[in-house]
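Working notes for the structure below.
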Amino acid sequence: MDFNVSSIKTSSDGIWQGENPLHYAFPLLIIQTTLVVFLSRSLTFLLKPLQQPKVVAEILAGIMLGPSAFGRSEVFTRWIFPTWSTPILESVASIGLLFFLFLVGLELDLKTIRKSGKKAAGIAFAGISLPFVFGIGVAFLLRKVIKGVDRVGYGEFFIFIGVSLSITALPVLARILAELRLLTTPVGEVAMAAAAFNDVAAWILLALAVALAGGGKAHHSPLISLWVLLSGIGFVVFMFIIVRPIMNWMARKASCGHHIVEETYICLTLAGVMLFGFMTDLIGIHAIFGAFIFGLTIPKSGDFGGRLILRIEDFVSGLLLPLYFASSGIKTDITKIHSLGSWGLVVLVVSTACVGKVLGTFIVGMSYSIPVREALTLGILMNTKGLVELIVLNIGKEKKVLDDETFAILVVMALFTTFITTPAVMAIHKPSIHQLQLEKTPKIKENNLRILACIRGPRDARSLITLIESLRSNKNTNSSITKLYVMQLVEFSDRLSSIVMVQRARKNGFPFIGRVLRRDDTTDQVTTAFEAYSQLGRVKVRPTMAISALPNLHEDIIHVAEKKRAEIIILPFHKHWQMEGEEEMEIHAGHGWRTVNEKVMRQAPCSVAVLVDRGLEVNEIMNSMRVCIVFFGGADCRKAIEFGSRMVEHPAVRVTLVRFIQNFGSNFDEVERTLDDTTIADFKIRWDKQTVYDEKEASDELVEQVLAIGKSGEFELIIVGKGMFPQYIMAKLFENPSTDQHSELGPMANILASSGKEIKSSVLMIQQQAFGCENTKDVNSKVASQC
């Protein structure tokens with residue numbers, strides 16, 4: 001069916017009026033968007049086992065929808081992607097691209113780039129210059145071999161080819177580093193800093209190329225290019241001298257008492273993205289440059305930038321951006337690479353891009369004394385292309401600098417170099433034999449207590465400080481020193497906000513906690529509190545961070561516990577409670593965090609504690625804190641006593657030990673009760689005058705007895721071992737539907753962590769896991785066999 005473009009209507013009257021919705025702009029756009037999102041998400045799922053970034057799947061989805069695959073069918077093209085719909089699709093996709101480039105500018109912190117040092121700058125320069133020089137040679141060859149290319153001016157063609165070979169995609173690189181667990185390693189930090197340098201340089205070169213290209217007009221003259229360049233420079237100066245102070249003022253005014261950003265400022269900023277995009281398009285440079293420069297002017301400190309990202313990134317990255325890949329795929333015809341000579345050019349371009357990037361980065365890395373394996377890894381990482389590369393190529397095609405065949409060759413190059421990054425790095429960057437042997441060596445016993453405490457956010461930080469404070473001895477002895485490794489747990493996802501987190505982590509050292517908690521723009525209370533602990537002399541705080549996808553986060557925790565020889569890992573429970581008026585509200589962090597805890601408890605090389613927080617707050621002057629150790633018997637409960645014993649030495653902590661006497665069977669009595677009695681006796685002899693000891697007979701009402709302790713309000717914290725209990729107690733728990741089932745907590749902690757039972761105390765569940773001595777699993781198997 002032929003269409004007059006000027007007569008195209010937005011929506012149809014429906015099939016009952018005899019109209020086909022696919023002949024109208026808006027219904028067709030809905031179908032196109034749905035198809036693009038479904039196909040890209042399906043390919044993302046299929047490529048996930050290969051640890052490929054999402055951008056690879058999106059590029060493949062776009063190519064598949066074009067004339068290289070589905071588009072070869074005339075029926076498919078006529079119904080789903082007719083020629084008249086292309087301008088509409090590209091317009092919507094360009095809006096998504098505009099806002100995406102604004103987000104890219106928002107995530108780049110120029111101060112961080114300046115502070116990255118000579119190493120990152122040198123690596124970035126080598127990673128750009130050598131492939132750029134190689135690209136000039138490739139461009140010369142392409143002009144000789146491919147017909148029609150020589151009609152384009154030398155300057156713009158060389159620059160486009162050079163930029164396409166030398167660029168590094170920062171967003172894609174960050175996601176690959178996160179997948180490979182390299183984000184917070186020295187290699188990852190250098191790669192991120194160098195990629196940031198690379199991004200800025202590439203956009204400057206691309207702006208130069210666009211100015212020279214002039215849209216392929218025959219009357220285009222060097223004088224016009226000069227005016228475009230001067231106007232672009234003037235625009236950048238205007239943005240940083242005039243607009244940037246305005247945005248700083250707006251960011252300060254936007255955040256009111258409860259960090260609520262006023263809608264007016266958000267709307268003005270989003271309108272600014274469109275306005276400044278129009279200004280650069282008016283100058284003769286692509287609209288995305290205006291959006292990118294505007295993103296750079298947004299202040300990176302405070303909450304304003306983060307809230308902007310959270311407002312628009314899902315809609316832009318999840319819905320609009322895949323449309324850009326689809327519109328790019330429609331322009332990509334792999335069949336244009338039809339001859340053996342053309343495929344030879346593909347091999348040449350891919351080889352040149354890889355050799356130039358890897359070789360340049362490797363040589364400079366070696367000059368900075370980076371080990372050979374790490375320098376090679378760095379070179380491969382810097383060869384990541386992805387979305388930014390596709391933007392460059394589309395602009396080149398739009399400006400008629402790149403023909404169909406050259407465009408297809410460069411798209412294949414971008415796809416291949418990004419695809420091979422992950423497997424190549426996995427093959428090269430392996431732990432050294434020395435490191436593996438070090439991790440397998442037996443842990444050294446020390447008098448100092450080494451704690452690895454994991455936190456997700458401000459609430460966890462407050463309760464952690466209270467708990468660690470209760471462990472701090474008042475004695476001036478070396479044996480009472482506590483070494484606290486605080487690990488911030490960050491779930492890395494495909495969201496751009498994750499990259500912003502990484503940038504802030506690299507800049508601040510101890511990330512996010514203070515920024516989230518501070519009550520004003522100048523006070524960083526939590527960071528100050530941890531620094532104060534370091535100065536106390538008996539608590540040495542060492543901050544660290546884990547940035548990984550949620551299914552892999554437990555591996556980082558276990559690795560750090562082994563490396564730091566931690567004696568206990570403290571994990572936050574995946575739920576906490578807070579009072580809203582007279583009602584108790586349950587806050588759920590998500591089942592993924594529960595899975596993290598379960599995996600750590602199964603694989604940890606040391607004891608593990610889970611803190612169920614019901615308001616274990618930090619006070620400037622710590623009043624008397626009441627702690628109850630509930631003892632049932634077994635290795636876990638003995639570890640709970642060992643942990644609680646350290647609290648007795650704190651002058652403001654009052655410890656009560658409640659022992660429930662229970663009968664598990666004769667074999668258990670002989671093996672375990674002797675150890676239990678010895679532990680209790682030692683505790684009473686050492687701390688009799690400073691603690692309260694209570695002994696109770698465990699009856700069929702054991703569940704009610706434990707609940708009574710939690711409901712009493714007498715204790716701020718209850719410490720309990722995970723343990724294993726007889727079948728009659730387990731059956732009683734399962735027959736009560738109001739008791740939440742949390743497998744990582746154990747029976748009694750599970751009761752105390754259940755919702756709706758009016759329990760006021762926080763709970764610390766401890767699982768003993770000391771290899772080479774008593775093993776909780778062995779004891780539990782004995783108990784289970786007796787029940």
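Heads up, the Cβ atoms here are built off N, Cα and C, so glycines get one too.
Since the structure is predicted, the reported quantities are computational estimates derived from the model, not experimental observations.
Per TrEMBL, the features are:
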type: DOMAIN; residues: 39-423; note: domain 'Cation/H+ exchanger transmembrane'
type: DOMAIN; residues: 484-617; note: domain 'Cation/H(+) antiporter central'
type: DOMAIN; residues: 624-769; note: domain 'Cation/H(+) antiporter C-terminal'
type: TRANSMEM; residues: 24-43; note: transmembrane segment
type: TRANSMEM; residues: 91-108; note: transmembrane segment
type: TRANSMEM; residues: 120-142; note: transmembrane segment
type: TRANSMEM; residues: 157-178; note: transmembrane segment
type: TRANSMEM; residues: 190-212; note: transmembrane segment
type: TRANSMEM; residues: 224-243; note: transmembrane segment
type: TRANSMEM; residues: 264-296; note: transmembrane segment
type: TRANSMEM; residues: 308-325; note: transmembrane segment
type: TRANSMEM; residues: 345-370; note: transmembrane segment
type: TRANSMEM; residues: 376-395; note: transmembrane segment
type: TRANSMEM; residues: 407-428; note: transmembrane segment
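Across 91-108, 157-178, 345-370, 376-395, stretch 91-108 shows the highest tally of CB pairs under 8 A with the transmembrane segment (264-296). At the 8 Å Cβ cutoff, the transmembrane segment (376-395) and the transmembrane segment (224-243) share fewer than 3 close pairs (sequence separation 6 or more) and do not count as touching. Beyond the transmembrane segment (345-370), the same-chain residues lying 6 or more positions past its ends with a Cβ under 8 Å from any Cβ of the stretch are 119, 122-123, 125-127, 129-135, 137-138, 141-142, 145-146, 165-166, 168, 190, 194, 337, 376, 378-380, 382-383, 409-410, 412-413, 416-417. Taken as a whole, the domain 'Cation/H(+) antiporter C-terminal' (624-769) shows an average pLDDT of 78 in this prediction. Away from its own ends, the transmembrane segment (24-43) comes close to residues 8-12, 54, 57-58, 60-62, 64-65, 80-82, 85, 88-89, 92, 318-319, 322-323, 325-326 of its chain (Cβ-Cβ under 8 Å, at least six residues beyond either end).
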